[in-house]
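Feature annotations, courtesy of TrEMBL:
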TRANSMEM  A:38-57  transmembrane segment
TRANSMEM  A:62-80  transmembrane segment
TRANSMEM  A:100-119  transmembrane segment
TRANSMEM  A:126-149  transmembrane segment
TRANSMEM  A:169-188  transmembrane segment
TRANSMEM  A:221-240  transmembrane segment
TRANSMEM  A:260-285  transmembrane segment
TRANSMEM  A:297-320  transmembrane segment
Amino acid sequence: MTRERLLNAALVLALFAVPAWALWADEPFTITLATRAVIFALAAVGLNIALGLGGLVSLGHAVFFGIGGYAMGILASHAQNYTPIMEAPFLIEGTKSMPIIWLVAVLASGLAAWLIGLLSLRTSGVYFIMITLAFGQMAYFFATSWPTYGGEDGLSIYVRNGFPGLNTLVPIQFYGICLAWLLLVLALNRALMRSRFGLALNAARQVPDRVRAVGLDPPRLQLVALVLSGAITGLAGALFADLNRFVSPTMLSWQMSGEIMVFVIIGGVARLFGPVAGAGFYVLIEHWLGGVSEYWQIFLGLVLLLVVLFGKGGLVGMIAGARK
Amino acid sequence: MTAVLAATDLRKSFGALKATDGVSLTLREGEIHAIIGPNGAGKSTLIAQLCGSLAPDAGTVSFLGCNVTAQPVAARARMGLARTFQTSALAMEDTVLQNALLGALGASGKPWHFFAPVARDRGLKGRAEAALDAVGLADLRDVRTADLSHGQRRQLEVAVALTLEPKAFVMDEPMAGLGQEGSAQLTSFLADLKRTAPILLVEHDMDAVFALADRISVLVYGRIIATGTVDEIRRDAAVREAYLGDEA
């Protein structure tokens, strides 16, 4: 067993052990914190496909996170107000059902990623960063100025959405749903990294000329990667909105995009469990240092600086060594 | 005999510089056609137009009887045009086998598999391993490409081209930096390879060119000043003056 596998196993163990302890010690707030970490990790797993595997430095992933959030907010707010979303040409009603909300979140954020990708993948490097940032800002200002769904104030959903057979209001049960998603998506991501598509995408990041010369089209590979990436981050957004029972334009802000990127970079770019380590670490120091000083992000900045300067593979790289 | 790859009156200018100035050439079945010329003669620009990474201002490129002038690199590669790069273009973080697998994957035309592990894909793996065997890199299959020597990277370049099972090769200075022994090995390898598919060979190593080429074209200032057999080129006065000097 390599050190990276041991580390990954330890992280998975922690994902089960921490909430189990919290349940035993009757610390529901710890479970909420863990849920937050798991959802952030899921969002970052999404970004890691574009950033780590595809080499696409997207500073606009909050768009997908926010679209997922608003998919939940819009569907659930119509359901709780008993108003249809639209009546003509056919009736669409809101819903409080998580599976339907997830499906809508994934499809909507995937579609958004496809559209953004079509335009932004004509560029690369710093221009790609700027275009994705610009799309993020457009989505943010659109949401703040659209009064139907709360505008700047956001949307509150009074009761958490339902999942057949579970009481999602019980923190540990909602945590279970989020953890199941994270583990499933990590398993899919692991398969993706070893698949034909993963091999081609990985090469397209390193030597696009070679990939063209063997008859493949790097921008198409990257577009598909961005759609998968956006869809996963959108799913995380729907779960995040359900965790808080609230969605606001903050989820679409560029700071949110930056935070998701920080999870990936602190944890380890292109490492399977990098986003998990990064998001877990972030939530931990947000909680601990946030209690010590309201300027806790100074310390986060310091950590980020150290990781970028000295630990090229992020936390996973520092603990488990260079990637094989 | 029909041409596998043909350029007709290709022209490409960068501002006032005519990098390709009315070049016509053919690559026939079973031959090695070498292109030689001094630095700055426009060899790389010509290759870029043949392979599709640069669009000519005028003229046509045809491959297997089709006009491919408007086709991008990937489309020409899928038709069976394999190129090797002057400076190795390999995925340095990946292993030798993974680089060869990429070629086999490109040749299969089916990258849209998201779940099945590529390492257990017998078809791709067989093709990749056969190519590594052919160039003598089979023992190094699990080595990271970044850890290969310069010569081994040149061999891997050729192996990746082989995985495409191409209809024609375009090789941009495959001998560059190889040293005498390496050049000699690759020379004998290419002499066999031309039976698989014809090779358009851009090369500075004159020993290799004279040993391998069935025909030679001499490119000077974007124009082909002579095309012929090795002997014809050796005897050509204009070529001697422009390029070969007294040593030939």
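Each Cβ is built from the backbone N, Cα and C atoms, and glycine gets one as well.
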Per Cβ pairs under 8 Å, the stretch of A:38-57, A:62-80, A:100-119, A:260-285 packing most closely against the transmembrane segment (A:169-188): A:38-57
Spatial neighbours of the transmembrane segment (A:100-119) far in sequence, C-beta under 8 Å, 6+ residues away: 60, 63-64, 67-68, 71-72, 75-76, 131-132, 135, 161, 222-223, 226-231, 233-235, 237-238, 242
Within-chain partners of the transmembrane segment (A:38-57) [C-beta distance under 8 Å, separation at least 6 from its ends]: 15, 64-65, 121, 128-129, 175, 178-179, 181-182, 185-186, 189, 192-193, 198, 201-202, 204-206, 221-222, 225-226, 228-237, 239-240, 243, 259-261, 263-264, 267, 269-271, 274-276, 278-280, 282-283
